[in-house]
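A short worksheet on the structure shown next.
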């Protein structure tokens with residue numbers, strides 16, 4: 001193998017032929033090969049350091065192999081660039097989405113974002129973007145539709161999510177709080193999110209999240225028994241449910257009867273496999289909608305979550321709608 005040509009994918013990081021350990025650069029970044037590469041000249045100096053960085057989103061990429069000092073500084077960095085993403089907000093515009101409290105970040109790649117309620121804090125390693133507006137800097141957090149059913153529904157074009165600034169939301173099946181954190185961003189300091197989760201392990205993460213976000217109230221209880229936590233929760237405007245249980249419509253109905261105001265709304269994420277793995281997804285969705293109608297819950301729209309989730313649908317509707325005035 002010729003000096004200075006490392007194998008694709010970096011094999012050994014390509015130690016760059018002679019150059020004084022030049023480049024072990026590339027390293028974790030996948031494209032390894034480039035790192036080592038140019039080592040050969042001048043004591044390895046310009047080994048084009050941590051290659052990788054670029055891949056995981058414009059992040060801190062380890063500069064150019066530690067400047068010129070000989071030895072090439074092993075091209076630090078690259079590695080975990082991704083976190084801060086297009087931090088500086090150069091060439092990035094943020095515009096409001098038609099759902100109040102949700103925004104679209106337009107840059108090299110468009111992304112769904114929410115305004116960070118706790119600037120400087122990342123909840124689950126998501127990218128953050130700071131935009132200067134006058135003298136203020138506003139920080140936004142990227143919202144990944146592959147990790148959040150609500151984000152998938154919004155990108156899928158759902159007509160209404162009913163979660164908006166100032167709303168009081170009951171979130172069933174909060175898990176570790178990935179989506180809850182974004183709902184907390186949307187409702188803002190004047191809103192509230194009651195996050196119900198049965199698993200104690202996820203509940204720990206949820207409680208830690210609530211320490212920093214004062215509008216989240218964690219409830220570590222089984223959503224099947226709303227009477228156990230009825231003293232903690234006031235009437236709410238919206239119920240969002242992602243419980244993935246065979247009797248999930250019944251669970252949502254029990255909570256709606258207890259906490260949801262008349263004319264309030266619900267957003268339910270349905271995973272067909274969890275309810276009946278033998279029937280087709282469409283049949284499962286249809287039967288769940290029927291059950292909702294029997295519980296005074298009037299579905300208004302249904303949307304599948306392709307391409308983000310398989311055999312998932314979101315149903316949005318209204319609870320006990322007020323009777324229409326007759327003319």
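Every residue gets a Cβ built from N, Cα and C, even glycine.
As annotated by Swiss-Prot, region 'Disordered' applies to 1-93. The compositional bias 'Gly residues' annotation in Swiss-Prot covers 7-80. Marked as asymmetric dimethylarginine by Swiss-Prot on the basis of experimental evidence: 8, 15, 21, 24, 28, 31. As annotated by Swiss-Prot, SUMO2 cross-link applies to 90, 108, 115, 137, 149, 164, with the evidence given as similarity to another entry. The N6-acetyllysine annotation in Swiss-Prot covers 108, 127, 211, 212. Annotation source Swiss-Prot lists phosphoserine at 122, 130, 132. Marked as S-adenosyl-L-methionine binding site by Swiss-Prot: 178, 179, 197, 198, 222, 223, 242, 243, 244, 245.
Features per Swiss-Prot, on structure.
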residue	record	contacts (Cβ under 8 Å, 6+ apart)
115	SUMO2 cross-link	101, 103, 138, 139, 140, 185, 188
149	SUMO2 cross-link	179, 242, 269, 305, 309, 312, 314
164	SUMO2 cross-link	99, 100, 101, 186, 187
178	S-adenosyl-L-methionine binding site	123, 124, 147, 148
197	S-adenosyl-L-methionine binding site	173, 174, 175, 203, 206, 218, 219, 220
222	S-adenosyl-L-methionine binding site	198, 228
244	S-adenosyl-L-methionine binding site	173, 269, 271, 274
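The modified residues shown are 108, 122, 211, 212; of these, the one with its CA atom nearest the CA of residue 130 (phosphoserine) is 122. Cβ crowding, taken as the number of other Cβ atoms within 10 Å, peaks at 212 among the modified residues 108, 212.
A sphere of 10 angstroms centred on the C-beta of residue 211 (N6-acetyllysine) encloses 9 other C-beta atoms. Note on residue 137 (SUMO2 cross-link): other Cβ atoms within 10 Å of its Cβ, all shown chains, come to 11. DSSP assigns residue 108 (N6-acetyllysine) to coil in the three-state reduction, placing it in neither a helix nor a strand. Taken over all pairs of the listed S-adenosyl-L-methionine-binding residues (178, 179, 197, 198, 222, 223, 242, 243, 244, 245), the Cα spread reaches a maximum of 19 Å, rounded to the nearest whole number. Taking only the Cα positions, the spacing between residue 108 (N6-acetyllysine) and residue 211 (N6-acetyllysine) is 34 angstrom. Put simply, 122 is the one of the modified residues 122, 211, 212 whose Cα lies nearest to the Cα of residue 132 (phosphoserine). Cβ neighbour density within 10 Å is lowest for 132 among the modified residues 122, 130, 132.
For residue 211 (N6-acetyllysine), the nearest neighbour among the listed recorded positions (122, 127, 137), judged by C-alpha distance, is 122.
Closest to residue 212 (N6-acetyllysine) in space, going by CA atoms and restricting to the recorded positions 122, 127, 137, is 122. Secondary structure at residue 242 (S-adenosyl-L-methionine binding site), taken from DSSP and collapsed to helix, strand or coil, is coil.
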